[in-house]
Amino acid sequence: MSDLHELCGFQTRPIGPKYIEDLKFYLKNGIPATYTIEEAYNYTNNIEEEPTTTTTPLHIICSHIPNDASNDEIDIINQMVEILLEYGAGWCLTDINDDTPGCILIRRKLNNTPIYNQVVAAGVRAELLLRKVSEYDMEIIEDTDDLNHEQFEGIQGEETTEEERKEEEPSNTSDIIDEQKVEQPKEDLKEDPSSNQETYLKTKLEYKDGALVTKDRKDGVMMSWETDLMRMGCDSLFKGASIDGEIDDEVNILNIGFGMGIIDTMINNKNPTKQYICEAHPDVLAKLRLDGWYEKQNVVILEGRWQEQLNKLLSEGNVFFNGIYYDTYSEHYEDMLELFDIVVGILKPHGVFSFFNGLGADRQVVYEVYKQLVEMDLANYGLICKFEQIEVPESTLQLEVQNSTDNKSVWDDIKRAYWTCPTYYHPEARFMDV
């Protein structure tokens with residue numbers, strides 16, 4: 001463990017301004033804000049392999065914030081986190097427990113602190129910066145490549161001079177590196193139906209009790225535990241069916257992604273003028289036909305990807321919707337951004353847009369980041385998004401049911417739990433001037 005790591009462990013109390021001075025000194029002398037305990041250990045023990053975990057100074061701080069810290073100490077710690085983030089500390093790097101700094105704060109019930117808010121804000125900035133970098137196909141150089149560990153050994157905090165304390169321009173690129181580290185290899189992603197839309201549409205699906213899954217891999221495409229969330233979505237869509245308390249003459253509802261048909265059944269029970277269902281997967285389309293959806297008088301099935309089908313509707317300009325719901329599988333946030341561009345063209349001025357909000361829902365801090373991103377991105381399209389916060393059923397959060405022969409986890413026979421957050425943020429978006 002280096003002096004930087006020891007500093008972030010708060011071995012000396014009280015935590016005062018000297019901590020900030022020493023932290024700045026280490027960073028200004030070339031120790032990266034992402035320098036990990038694992039890298040220091042490997043160097044000390046002459047291990048050449050790349051470490052598989054990344055316990056950074058930010059992890060150490062979040063793990064060692066004293067439970068009895070005074071307000072003054074919390075203020076110093078908050079400044080230290082701010083400095084580390086300015087120098088490129090990775091907000092979503094994971095330690096030996098697969099925890100990000102934000103995960104540690106949540107586990108320690110410190111997610112109502114300014115420190116946690118800083119971590120979330122760093123995630124938002126990183127995502128926005130990553131988008132901009134991706135536009136220009138820029139190469140990112142990792143700031144821990146070719147580290148001179150011997151140089152770090154000679155750095156002593158007490159040798160700081162006034163001149164060395166002058167502000168320097170910090171680097172902010174390592175958050176992008178964090179994003180890259182959590183990605184799978186591209187060749188794996190291409191064959192993964194949960195990550196690649198083209199692969200998913202060629203993958204056989206299976207309807208089983210309470211779930212729609214990929215037949216061979218058992219990826220959870222949709223599950224019945226989502227029913228209450230779908231009911232909220234349906235209720236939101238029909239809020240766009242009235243103007244000043246008067247029901248619209250023509251109530252048109254669009255759902256993108258049929259899945260198990262949970263929300264579409266709810267929509268149909270409310271008897272809209274027209275119910276549009278956009279679905280691309282051949283097995284799901286076969287289910288639609290088998291269950292008689294093609295014969296329902298007020299239902300229009302749009303066969304194919306929404307990217308093609310909705311652009312046709314937009315070009316024709318003959319139908320506009322009181323409510324639009326989006327819940328597809330194997331698409332990404334970039335796809336949602338493309339959808340926003342179409343939504344504003346086919347949504348009635350008093351209409352409501354909603355979606356199944358599973359963005360980053362396998363890690364709470366990432367879920368918080370995407371909540372803020374959605375608000376910002378929809379605002380750019382003239383939509384204001386409000387979130388209703390509800391608690392997710394306890395059974396959904398139980399990956400395993402211990403000491404029980406009767407109960408089963410909802411995730412039994414599912415490849416991976418795609419939801420681990422205790423809270424669901426239900427989105428409801430309208431045009432700002434409504």
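Backbone N, Cα and C define each Cβ position, glycine as well.
According to Swiss-Prot, the region 'Disordered' annotation covers 155-198.
Among the features that Swiss-Prot reports, compositional bias 'Basic and acidic residues' is placed at 178-193.
The domain 'RMT2' annotation in Swiss-Prot covers 193-434 and rests on sequence analysis.
If you look up Swiss-Prot, you'll see Y200, M230, F258, G259, M260, G261, I262, I263, E279, A280, H281, W306, Q307, D327 marked as S-adenosyl-L-methionine binding site. DSSP assigns Q307 (S-adenosyl-L-methionine binding site) to a helix in the three-state reduction. For Q307 (S-adenosyl-L-methionine binding site), the number of other Cβ atoms no farther than 10 Å from its own Cβ, over all displayed protein chains, is 15.
According to DSSP, Y200 (S-adenosyl-L-methionine binding site) is assigned to a helical segment. Annotation note: F258 (S-adenosyl-L-methionine binding site) sits in a coil segment as assigned by DSSP.
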